[in-house]
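Asks: Please see the structure below; I have some questions.
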4 protein chains.
Amino acid sequence: MTQAVFKGIVAYPITPFRPEDGAVDTVALTALIDRLVQSGVHAMAPLGSTGENAYLSDIEWQTVAETSVRHIAKRVPVIVGISELTTQNAVRRAHFAQQIGADAVMVLPTSYWKLTEEEIFQHYAKIAAAIDLPIMVYNNPATSGVDMSPELMVRMNHDIDNVSMIKESSGDIQRMHRITQLSDGQIPFFNGSNPLALEAFAAGATGWCTAAPCLIPELTLQLYRAANAGDMQQARECFYKQLPLLQFILKGGLPKTIKAGLQLSGFDAGIPRSPVLPLDDAQREQLAQLLKALQT
Amino acid sequence: MTQAVFKGIVAYPITPFRPEDGAVDTVALTALIDRLVQSGVHAMAPLGSTGENAYLSDIEWQTVAETSVRHIAKRVPVIVGISELTTQNAVRRAHFAQQIGADAVMVLPTSYWKLTEEEIFQHYAKIAAAIDLPIMVYNNPATSGVDMSPELMVRMNHDIDNVSMIKESSGDIQRMHRITQLSDGQIPFFNGSNPLALEAFAAGATGWCTAAPCLIPELTLQLYRAANAGDMQQARECFYKQLPLLQFILKGGLPKTIKAGLQLSGFDAGIPRSPVLPLDDAQREQLAQLLKALQT
Amino acid sequence: MTQAVFKGIVAYPITPFRPEDGAVDTVALTALIDRLVQSGVHAMAPLGSTGENAYLSDIEWQTVAETSVRHIAKRVPVIVGISELTTQNAVRRAHFAQQIGADAVMVLPTSYWKLTEEEIFQHYAKIAAAIDLPIMVYNNPATSGVDMSPELMVRMNHDIDNVSMIKESSGDIQRMHRITQLSDGQIPFFNGSNPLALEAFAAGATGWCTAAPCLIPELTLQLYRAANAGDMQQARECFYKQLPLLQFILKGGLPKTIKAGLQLSGFDAGIPRSPVLPLDDAQREQLAQLLKALQT
Amino acid sequence: MTQAVFKGIVAYPITPFRPEDGAVDTVALTALIDRLVQSGVHAMAPLGSTGENAYLSDIEWQTVAETSVRHIAKRVPVIVGISELTTQNAVRRAHFAQQIGADAVMVLPTSYWKLTEEEIFQHYAKIAAAIDLPIMVYNNPATSGVDMSPELMVRMNHDIDNVSMIKESSGDIQRMHRITQLSDGQIPFFNGSNPLALEAFAAGATGWCTAAPCLIPELTLQLYRAANAGDMQQARECFYKQLPLLQFILKGGLPKTIKAGLQLSGFDAGIPRSPVLPLDDAQREQLAQLLKALQT
């Protein structure tokens, strides 16, 4: 059962780049993976939005995928992110993910020319036909330019074999209600909007897909544990405590804020790929204050 | 303390019109009030959006306000709704509300010409200066054309005497987070978006301003009790049970759907004022099904 | 033929209020009317958005309507603005406009509860059934909260007697294209978005509904004459000359900017009704500079 | 002077794919180029949105760029489209465009993570520093996820050498007014929104960037000639004649509608890349009717 495999805190590692030449830094990547696994997160999702998936070459993407899956080595389940403009490339990457032993793939359709529902459906259907892995449908209109309705996502979960999970990152809690209603609560949905973490759990989310564990793993886990125990009061307190940081990383963009936060903790993961710039000094100082407030 | 007075389920009665001539039906109004008070709701808010406030003449508004306050007779606290285009009219109505013994007023700024923050601030300040009652700042951009930021609303709560509560009906949970953060959780905020009832309580809302008790008082109270007890699981189950009805009344418009629902229950409260039309047959049938499903 | 009556520059006077008590200033109103008629504008539209229609009591509205129609005295055709929340009030005002001799009425549906197309249609149909005057359908979503599609407006022009003109103030030129296409160019449409004046004429607008003649009548007339002569170059030059002022009055809100501009020219028309505030000093200075630049 | 080089109708060829294997079809490409040059268009822009730029591999992009520039062979000026997610790739392609003899490059910033103004500025500055060709700043928020304000675009035109043209495809005529005002009419701007062609010329556009010449070159040229002659009446008639087709190709997506239209005219250019699907039968029939209506 897919449902049993992925749940709780699904951690999104950044992709470290070497300061000297900007190449993928597999040494830092494996170190970050160990750190996350040891923190107790329930699953790992390399090559998400946080992982600068979209900015990597084919070779780099393969390197990160393979390094991650091998180094995680079944300690936690792994879901590999795919966000390609053409179906052909998405199929190719999905196939690669299966070959290297990923437990699932998370597929974000991206667009230049707007896609119709039929086009999106066939995109998923072709990827699903090429692999045996479970597929997580990933809706993130702000980054991808594609906005999938709950109706479409639930239909794909019903009609396409392997499609068995939904990740909602639009930040609209009503979409989660709708997914629950349309599927009678049978399709596991994951929240991808950090400042919605509390309410998504209240609404029944199976898990929280987040880059925050790179910086504050224990707080994200505490929130999940309180929510899983049904304790609204404790979940609320834990949520409001970490909310300023969650707001900061959302607003600033995950790769640049998480990389800055890692560096502040003594872990150098390089900077994001141009044209994305690193945090400026004022932002870095603000982040340092936010992190400091959470350590006391 | 205002905070102690208003909390829990704040019920919004519709304004009944007589079928024969469309005039305000005070007999039906008092009957509806009794029904709501007996159901156990914690407070009453005549002349809200649900009460077709904006569609009443001055005399009618006064009639509804006075009839409501007198008939409620301190059995529960009463907050009277005011949504006027000019400050002068708003002040006049606020003064009237105080004279007849209302416990508070809820003020929605409405606009034809867009208002600046300074204009909104002065609108509230002038009303506050004219009365001694607590004022609830009411944000409902969809109906009023005015969208107040959490920053502005919190500032008015700090800077204007009497302004001591916030009602947020934008449906955006992040606004509630922001109000909590800006006020260190000290300003009581109320949720006015029905399909957000579960998550607003999770986020710390003091109460739920809703017309739903006109149709399903017990379910709204159950949700509040579960949330107040911090029981996320029970709150969630109770919420999803009533969600289809909450979605229906939001989408259809409260006066027309609540009046149709009352009629289906044998309580004739007339129809909304033209140009708003009553539910058509198909919608009424759908509503009947939704209500029937909740009674079993 | 309605089409022959209204065209060119349709001028929107503000409603002057007496500085001493805020009451309608009929002396200033008639003086402003004379000024506009003498400037050569082709028609007059009292009680539009500019005329603070929505902020007037019934008596005040009637006073402005009657004073305007009588004082214009057929020198130019008059179209009286109506924007009421209830159909009953709109019908009453339309009837009054007919009684006092208006040449047409301009009807803006306003909303608290969102209106369906059927509700909007019946609103117009009931008004049309009550009078014999031509009706201009007025779409201004930003102020009224009602957004009518070109399809609906053209349908009402076809299906409802008396409805024979469209005023489009959404600022979207594609709506004007659509109206032209749907009606084969047979329904006269008027532009109500000042910074779209040039392009609306290029797209075939019959007239420009504007408050700008209160301040710069000659420039608005020049633009119309160039456009009417089909001279794109001259129309463009004339448009860009007045564009900074048109942008300023749109952004600032017409009543407050036009009243400030009149005062700068020595004509005191009072200030807008609260909560709308008059221009502050910096804005007034900016307006003075803009007007000065146009006089050289 | 850049201004003298690009003006009028800038034609955007699609990128033909071979029906048998989906590879770039350079034979069809050169045939299409000849057809366009012979039609009299003033300039050519391979690898725009229409050219499925974003869906091509590096090798394919280079093939199309080089084939186009060589085959056009200075008969008209050529501007090559670049829309890369990373600055590094954009610089590489710009460099290639210069090497093969392009007259200019058109640069569209694309985004996964939202870009700040500083990030966009540096993206352009780095590309500009790497080449000597004139650069057209291209704003197309709907496809790229990046929305550049007129202020930013004009600033880049002033502050970055080589940046000397603006293409606005947001469809908002007010942006064109703003560009004109901010640059005193000195920066040539091009319209990239087909259904805005008439009004953009009225507002002073230097040219129209459009895929329509692939199907109706003569009508696009007629519109430009009428506009250039300042004849508003003739421009309007010519515009409304072709507007239904312009609306159809915008709504349907340029590659799929233009390729279908070419096929209807007996020119097989293949179909768009998956997940984009070709027109369905009903749409193709509708297109055939639209084209037929223009030939009579």
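Cβ from N, Cα, C; glycine included.
If you look up TrEMBL, you'll see D:Tyr138 marked as active site, proton donor/acceptor. What TrEMBL records for D:Lys167 is active site, schiff-base intermediate with substrate. According to TrEMBL, the feature pyruvate binding site maps to D:Thr50.
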Asks: What's the CA to CA span in angstrom from the residue listed as 'pyruvate binding site' over to D:Lys167 (active site, schiff-base intermediate with substrate)?
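Replies: On Cα coordinates alone, these residues lie 14 Å apart.
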Asks: Check the residue listed as 'active site, proton donor/acceptor' against DSSP and tell me helix, strand or coil, would you?
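Replies: Its secondary structure by DSSP: strand.
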Asks: Run through the Cβ atoms and count how many others sit within 10 Å of the one on the residue listed as 'pyruvate binding site'.
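Replies: By my count, 27.
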Asks: At the Cα level, what's the spacing in Å between D:Tyr138 (active site, proton donor/acceptor) and D:Lys167 (active site, schiff-base intermediate with substrate), rounded?
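Replies: With distance taken Cα to Cα, D:Lys167 (active site, schiff-base intermediate with substrate) is 5 Å from D:Tyr138 (active site, proton donor/acceptor).
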Asks: Tell me, by DSSP, whether D:Lys167 (active site, schiff-base intermediate with substrate) is helix, strand or coil?
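Replies: Its secondary structure by DSSP: strand.
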Asks: Under 8 Å between C-beta atoms and at least six apart in sequence, can you list the same-chain neighbours of D:Lys167 (active site, schiff-base intermediate with substrate), or say none if there are none?
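Replies: For D:Lys167 (active site, schiff-base intermediate with substrate), the qualifying residues are D:Met106, D:Met136, D:Val137, D:Tyr138, D:Asn139, D:Asn140, D:Phe189, D:Phe190, D:Asn191, D:Gly192, D:Cys209.
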Asks: If you draw a 10 Å sphere on the Cβ of the residue listed as 'active site, proton donor/acceptor', how many other Cβ atoms land inside?
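Replies: Result for the residue listed as 'active site, proton donor/acceptor': 30 other Cβ atoms within 10 Å.
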